[in-house]
Structures are given as C-alpha cells and as structure tokens.
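Taken straight from Swiss-Prot:
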ACT_SITE  E154  active site
BINDING   C110, H153, H157  Fe cation binding site
Amino acid sequence: MLTMDDIVREGHPALREVASEVTFPLSDEEKKLGHDMLEFLINSQDEELAEKYGLRGGVGIAAPQLAVTKRILAIHVHDEKDRLYSYVLYNPKIRSHSVQQACLSGGEGCLSVDREVPGYVVRSERVTIDAFDENGIPLKLRFKDYPAIVVQHEIDHLNGIMFYDHINKENPSYLPPDVDVFG
C-alpha cells in the first residue's frame, strides 16, 4: 500500500523529467503501480484510512510523483453531478481541448507540494484524452470542469510541469476575462 512516504516532493528530479511511454504488454510491475496509485487515491478519500495512515486527500496522482518516470496516471474524482471518474491511464495524451478556460477558485494543490501556492492555474475547461488501459485497449475519454482540471494537472506531471508553472508570476491573482471559476 502506498503512503505519503512514497510520494516525492518538489525538488526531486523525477518531477521535472518528461516521462517515457510504456510498451504493451505491460510488465507486472507497471500494472501493480497503476493499481497501487488508484488504491492510494481511494484510500486517501476515506476518512478512517486517511487518518490511520496519515494520507493527504488526493484526486489524482502520476507515476513521476513516485519517482517512476513512466507515462502512467490515476484519477479518482467526482464531478458536480457526483459522477465518478476513476481510471488508471497509460500513455495519456490530450487529443483536443476547448477554447473556453477554467480554474479553481482556491488555486490548485499537489501531493508533491507541501506548501500553499497562491494563484490561479488557468486550464482548458474540456479535454478529450487518448490513452490505454492496462490491457493495451485504446480509450478515448472526455472530461469537463473539475475532472478536466485534474487530468490536465496529472498529464502535466508526465511532462515535467508543476501546477505553479502556470501561475502568473507578476500577478498570481490575475484572472483573464471569460475564465470559468469552479469551487
């Protein structure tokens, strides 16, 4: 079972590397990593387990956060209608994105960042993702609003990008016009 001790923190070189694609069939280790990542997210959202094991609540995690520079991510997040998006994605890529942008009112956080980073992180409000499941079956997934923000945050990790790289350095509270704000 993964715990917070397994998650590398900002400054670790794996967080700034571009992760490598996995090849299919996946190794047992790659499959286990995906399962463990999703299990961590589920456990972190369970109050009892989170308290017992000292887990910070998370809705997404990427392999580089575990010092594994492979293109694997997991998300476990509900949208505003309480629909669950729970996936382990291998080699995910953004196929298309909306022109409309969105951000979270309180900014973003990250399991690899142990400090508050004020500022808006503006992202696409909708994205279509191409990825594979653990059996190598191609997936085409559409995300909007909060789940879209989460999956973009995790794909950024696969490209060596941290959420605060998107924040306006001169004016972190600057919000471009017509950006939808959630939360």
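Just so you know, glycine gets a Cβ as well, placed from its N, Cα and C.
Feature map: annotations from Swiss-Prot on the structure.
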{"residue": "C110", "record": "Fe cation binding site", "CB count, 10 Å": "25"}
{"residue": "H153", "record": "Fe cation binding site", "CB count, 10 Å": "24"}
{"residue": "E154", "record": "active site", "CB count, 10 Å": "24"}
{"residue": "H157", "record": "Fe cation binding site", "CB count, 10 Å": "25"}
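Those same-chain residues not listed among C110, H153, H157 yet with C-beta within 8 angstroms of the centroid of the Fe cation site C-beta atoms are G60, A62, Q65, E108, L111, S112, E154, D156, M162, F163.
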